[in-house]
Amino acid sequence: MSTVSESVVGSTRSLSAAKRHKSIRKNSRRIYSAYQDNQGSSDDQDKEDERADSNDPEEMFQNIQYQKEIIANIRTRPWPMRRKLKVLKQAREIVLKYEGRLTRTRGYQTAGADLLKKLSRVLYNILVLFIPWEVRIKKIESHFGSGVASYFIFLRWLFGINIVLTIMTGAFIVLPELLAGAPFGTTRSKTIPKEHLASAQDLDTIWSLGGYLQYSVLFYGYYGRLRKIGSAGYRLPLAYFLVGMAVFAYSFIVLLRKMAKNSRLSLASASDENFTFCWRVFCAWDYLIGNPEAAESKGAAIVNNIREAIVEEQEKKKDTSLAVLISLRILANILVLLSLAGSIYIIYFVVDRSQKLEQEKPELTLWEKNEVSVVVSLITMIAPSAFELVAQLEMYHPRTSLRFQLARVLVLYLGNLYSLIIALLDKVNSMSSAIPLSPGNWSESSSFLATISQPEGNSLSTLVSEIFVSEHRNITIATIATVLDIRNTSTSGSGVISNQTSLFEKNIRSQQDPCWETYVGQEMLKLSIIDMIFTVASILLIDFIRGLVVRYLSDCCCWDLESKFPEYGEFKIAENVLHLIYNQGMIWMGAFFSPCLPAFNVLKLIGLMYLRSWAVLTCNVPHQQVFRASRSNNFYVAMLLFMLFLCMLPTIFAIVRYRPSQHCGPF
Amino acid sequence: MGTTASQLGKDMLSEYQELTFLTKQEILLAHKRFTELLTKDEKDLPNTRVPMERILTLPELKSNPFRKRICNVFSTSEYKDGGLTFEDFLDLLSAFSDSATLEIKSHYAFRIFDFDDDGTLDCRDLEKLVNCLTGETDDTRLTPEEMRQLINNILEESDIDKDGTVNLSEFQHVISRSPDFVSSFKIVL
């Protein structure tokens, strides 16, 4: 109870100092009456106060404000409830007594502030009801402690952001287009071309997001380009652009607010003070644990931690030769850099190859169509484990090696996303520069051909050269030959025109409508879907099967499966959080080109929450190590902010650099 | 002015919201869990004090190595037996809640670790503290040599005035620099 004595001492000290000035004495007695234990002295002062009550309304107001501050802060006092109630009653009495004498404007001011406080408390109580998955997270907290639970709390927060993004895109873009825009099948950008119609309902096409899905609200290409739609004149293109930017702006704001809140809570230490032993003893226990098994393992972990710290303190620097250590670490870093470069190259190569395949073969196998997404997801699954193996060479302290691991995995994810988007934009570049002609030009060229057929004396060479100059490269040699044939046979005008229309149609068939935005949106959505499939598969295969194997086969195997390899899996907090960040980065990259991507992500996060919480409770064991990866809660939010910034750049670059497709989309 | 055990008056509910860091739902849940601990006759009496053994059957406290100290710190009983009334229980939950400030948490943590209630953490307090953490069995306990080393290191790090004990402000100084303390010093019903 030292603080009690401190505060009493403080008040008496200030009282004795205040005896010099009468007015100050009055105020200090009034103000400090809340802290005194005995009420007797304040009763005596009451009469004096009545007499010496200043007519100064400002002073009264200050006093009342101070009492109100006491009331507001009373919950931060470490007093028992009885005492708090008493102090509260006293402070309220003083406020009531003097408040009646306030001037009218001040009275309204205080009444308004009170009402606001009450309203905000009611609102907060209601809001708390809507927080989902509270019971589930509490169960995980009691079994695994706050570290593992922080992953789920992060997931829930991301879920909230995605819901808001979905509402933004849904309400302002998708719904108006569905309700008021031109319906399916009317305009050119909304119909499936004839040659695709036959295969539009195949499972194959749907899997690669073609057919009906391609020409739907899912992708950019569907949205009409009329300036105003519907009876109210809703400006869809403007809304599309604004919502696209608003998605990024909102995400920035939310992230920055969260960072500010976190840094207010955790007093960031400017100095690198390291109270290792104190922290390992005073802050070691996790009070959320409510499960005896978890408590036992936590106790064991704490003991190990303390012993490890003692040993480290006693022992001098390790004797292993410095040269060997440094060379091993350099080797490990080289391996990691090689694998990072390798993964970036593979992705670029795969996207390039898929582009070439699309141009050469009309029909692609399932593997070839999804190659890009599958390769990217495979790399994101396998590479972190590979990095972990390599890190064993380095022989760092576990905390340092975890930090290195996180940094490497982050660079890997960023490299993957960037190489994917650069390869896609390269393809976009080639697509959008390959359309010098629109059908308007086609009609020009067909009329040109028609006029050519009439006059006699043109030499063949000039004709052919003019055709080469003005036509698209997709003109095949056959076309030129038929034109020459027509020339040679010199038929009637109608025959020429009928031949020309057949040529016209053949050429349209061989060249598809270029809509690069839809293509980019498709790739992003495919990537997200396949990433989800791989995550589900890895959870089921790696964690679940491993758990089953360890539990049921440990009897028949010669060594104890539960304590040596392959023991039960541990929940890798840091890597899973990074995976969430990578996932969110994908969404931000694709949100402009595929407005329904946040909605898909909402569903994905819900599924992930249920699956992972089930997996963690059935297949995982609490951590052996006690340290935390992050020095503060801001670490993951900071990485998310970094990812947001980097994922915003390609979208803006694509908008600025490349001309929008002429036949689809709002622009 | 107490709470009848069967129901919580509306005015008391708003007072408690004012005086603690708990939301309305949390206070109501605490009331429900507290009344479950009472026997039938006790339910009608106002301001009953539940003895420590029954409080310790709560799953949130059962596995906690500091459970007895927590009950003793928050108890306002004259007999120092660790029994808690409903208001003491609310104080407990408020200090351990998510929205409680760092100062409150570190203040109560200090009192919990101060086994002899003398206002400072001396060697005996620290020794008892470590033994609580490490458990009862012989292979998890630290050897006397390790214990001595550990206590010396702790005092070296935190004892600024070098009086051989850790007082409240030194403790709060150490705790405020820790990034994990606030998130781990939590109990949620």
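Glycine is no exception: its Cβ is also placed from the backbone N, Cα and C atoms.
Just so you know, TrEMBL annotations never went through curation; they're auto-generated.
According to TrEMBL, the compositional bias 'Polar residues' annotation covers A:1-15.
The feature compositional bias 'Basic residues' is assigned by TrEMBL to A:18-29.
What TrEMBL records for A:515-630 is domain 'TMC'. Across the domain 'TMC' (A:515-630), the DSSP tally of helix, strand and coil residues reads 79 helix, 4 strand, 33 coil.
Annotation comment: TrEMBL describes A:1-58 as region 'Disordered'.
The feature transmembrane segment is assigned by TrEMBL to A:148-175 (among others). When Cβ-Cβ distances below 8 Å are used as the criterion, the transmembrane segment (A:148-175) is approached by residues 131-133, 136-137, 140-141, 217, 223, 236, 239-240, 242-243, 246-247, 250-251, 254, 258, 288, 571, 573, 576-577, 580, 584, 587, 591, 595-596, 598-599, 601-602, 605-606, 608-609, 612-613, 616, 622-623, 633, 636 of the same chain, each at least six residues removed from its ends.
Residues or ranges marked as transmembrane segment by TrEMBL: A:206-224 (among others). Only residues 6 or more beyond the boundaries of the transmembrane segment (A:206-224), in the same chain, are considered here, and those with a CB under 8 A from a CB of the stretch are 173-174, 177-178, 181-182, 184, 187, 189-192, 196, 199-200, 236-237, 240, 366, 369-370, 515, 517-518, 521-522, 525-526, 592-596, 661, 664-666.
If you look at the transmembrane segment (A:236-256), the same-chain residues 6 or more away from its ends with a CB under 8 A from one of its CBs are 161, 164-165, 168-169, 172-173, 176-177, 181, 223-229, 588, 591-592, 595, 598, 637, 640-641, 644, 648, 651, 666-667. Sequence annotations record features per position, and here TrEMBL assigns transmembrane segment to A:236-256 (among others).
Taken from TrEMBL, the feature transmembrane segment applies to A:330-351 (among others). Note on the transmembrane segment (A:330-351): residues 371-372, 375-376, 379, 383, 386-387, 390-391, 393-394, 408, 411-412, 415-416, 418-420, 422-424, 426-427 of its chain, located 6 or more positions outside it, place their CB under 8 angstroms from a CB of the stretch.
The transmembrane segment annotation in TrEMBL covers A:372-393 (among others).
Taken from TrEMBL, the feature transmembrane segment applies to A:405-425 (among others).
With a threshold of 8 Å between CB atoms, the same-chain residues lying at least 6 positions outside the transmembrane segment (A:527-545) that come near it are 370, 372-374, 376-378, 380-381, 420, 569, 579, 583, 586-587, 590, 597, 600-601, 604, 607-608, 611-612, 615, 618-620. Annotated transmembrane segment per TrEMBL: A:527-545 (among others), in sequence order.
TrEMBL lists A:585-603 (among others) with the feature transmembrane segment. Note on the transmembrane segment (A:585-603): residues 159, 162-163, 165-166, 169-170, 173-174, 217-220, 240, 243-244, 247-248, 251, 413-414, 417, 421, 517-518, 520-522, 524-525, 527-529, 531, 643-644, 646-648, 650-651, 655 of its chain, located 6 or more positions outside it, place their CB under 8 angstroms from a CB of the stretch.
TrEMBL lists A:635-656 (among others) with the feature transmembrane segment.
A Cβ distance under 8 Å defines the sequence-distant neighbours of the transmembrane segment (A:405-425), meaning residues of its chain 6+ beyond its ends; these are 336, 340, 343-344, 347-348, 351-352, 372, 376, 379-380, 383-384, 387-388, 391, 519-520, 523, 527, 574-575, 578, 581-582, 585-586, 589, 629, 639, 643, 646-647, 650, 653-654, 658. Same-chain neighbours of the transmembrane segment (A:635-656): 154, 244, 248, 251-252, 255-256, 258-259, 262, 410, 414, 417-418, 421-422, 425, 428, 520, 577-578, 581-582, 584-586, 588-589, 591-593, 629, counting only residues six or more beyond its ends whose CB sits under 8 Å from a CB of the stretch. Per-residue pLDDT, averaged along the domain 'TMC' (A:515-630), amounts to 81 for this model.
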